């Protein structure tokens, strides 16, 4: 066994090309596979960027190097210093002949999970051994695309003059008055894990920040057990002053469009590896009102009445009709939180919207109430006590501008981008009703 000592990686696997014939390289990673055939050994080394083949001919390497190569096991951690040799018959037009191999760590055998993907495993098994599962190239591709998504979103917000903020995740009361909260002991008080940064975003509008965004955890104590729900999720939230819901929708369109464009440009290998049918959407998405969505659902045989939230059957019906990315707008006021602004001409309808991808909701937003008296009235009308929102309401007494915003589910959006049908595939260590480890 060796320490890394004075060795340092000089290249990732993807950086080595046939034109480097004769050049010395130092590679580091995992043994993806090993074949020893008499006086010849083939070692496939895997790193973050892909795989590369090292060929170990007994007559061209010293005896110690050949013996080390023969005894390698799958997933051993190795460092290989060798020379690039152009070879048209090799898989990538070259191979690496080792000068020295250092075994940095041995992997136990048998492996509880096969990162080479030759043996499939159920998702629960994969999540139990997630550290092995994420070695798989296709799983890494999901998270590289997710990383590119977050990078693109931050860049778009920065280009548009937004300030990134961090709001508390330990809170004294519910954001929306709901019961979907995780209570915790906070010294001598009861506290909760935050279910949304919504109230804080609005308070920052009163503070004159004008445009803010946050990318952070939210916690929902919902007893769902579906492929699209988790109890800990990443939410991408934004809020803007002196705008309405249409401006907020336009900003969301820009964020989503730029994600598709940036991923196509920066992650073509991952798109190919996942065999994604990649299409950059139009810059402006289709829109359908809630009333029109209800009509579509009823026409397709779904039993639903105006004023009800859309059921799964209704979402599927509308998704089948609309396809791709689209907004549902002008929701019934009774279906939305107290801070949503009703339409002036018809207070039964509010200035709220959802962004859908087929049948999946990925974002929700609205123009907010910015008048103190109306906000207090809305809170009371929903059976909540305004006193519970005292610190929030105070921000509306001393000059709150009109404002609007939205929250985009990062995990669900990653599902859409990578064409996964289970949200757990897009979260490193998902938390649901059954899973609290690893």
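Including glycine, each Cβ sits where the backbone N, Cα and C put it.
Computed from a predicted structure; not experimentally measured.
For residue 91 (site 'Important for tRNA non-discrimination'), the same-chain residues lying six or more positions away in sequence with a CB closer than 8 A to its CB are 53. Taken from Swiss-Prot, the feature site 'Important for tRNA non-discrimination' applies to 91, supported by sequence analysis.
Residue 220 (L-aspartate binding site) falls within neither a helix nor a strand when secondary structure is assigned with DSSP, and so counts as coil. Among the features that Swiss-Prot reports, L-aspartate binding site is placed at 176, 220, 364, 368.
Positions annotated as region 'Aspartate' by Swiss-Prot, on the basis of sequence analysis: 198-201. Shown for the region 'Aspartate' (198-201): DSSP residue counts in helix, strand and coil, namely 4 helix, 0 strand, 0 coil.
Look at Swiss-Prot and you will find 220, 221, 222, 228, 229, 230, 361, 409, 410, 411, 412 tagged as ATP binding site. Contacts of residue 220 (L-aspartate binding site) defined by a Cβ separation under 8 A and a same-chain sequence distance of 6+ are given as 180, 195, 231, 233, in order along the sequence.
Residues annotated as Mg(2+) 3 binding site in Swiss-Prot, with sequence analysis given as evidence: 361. Reduced to three states, the DSSP call for residue 361 (ATP binding site) is strand.
Positions annotated as Mg(2+) 2 binding site by Swiss-Prot, on the basis of sequence analysis: 361, 364. Listed in sequence order, 352, 353, 354, 355, 406, 407 are the same-chain residues six or more apart from residue 364 (L-aspartate binding site) with CB atoms under 8 A from its CB.
Considering only the residues assigned to ATP binding, 220, 221, 222, 228, 229, 230, 361, 409, 410, 411, 412, the longest pairwise Cα distance works out to 19 Å. Looking at the region 'Aspartate' (198-201) alone, the prediction's average pLDDT is 97. For the pair residue 229 (ATP binding site) and residue 368 (L-aspartate binding site), the C-alpha distance works out to 26 angstrom. Taking the binding-site residues 229, 368, 412 in turn, the residue surrounded by the fewest other Cβ atoms inside 10 Å of its Cβ turns out to be 229.
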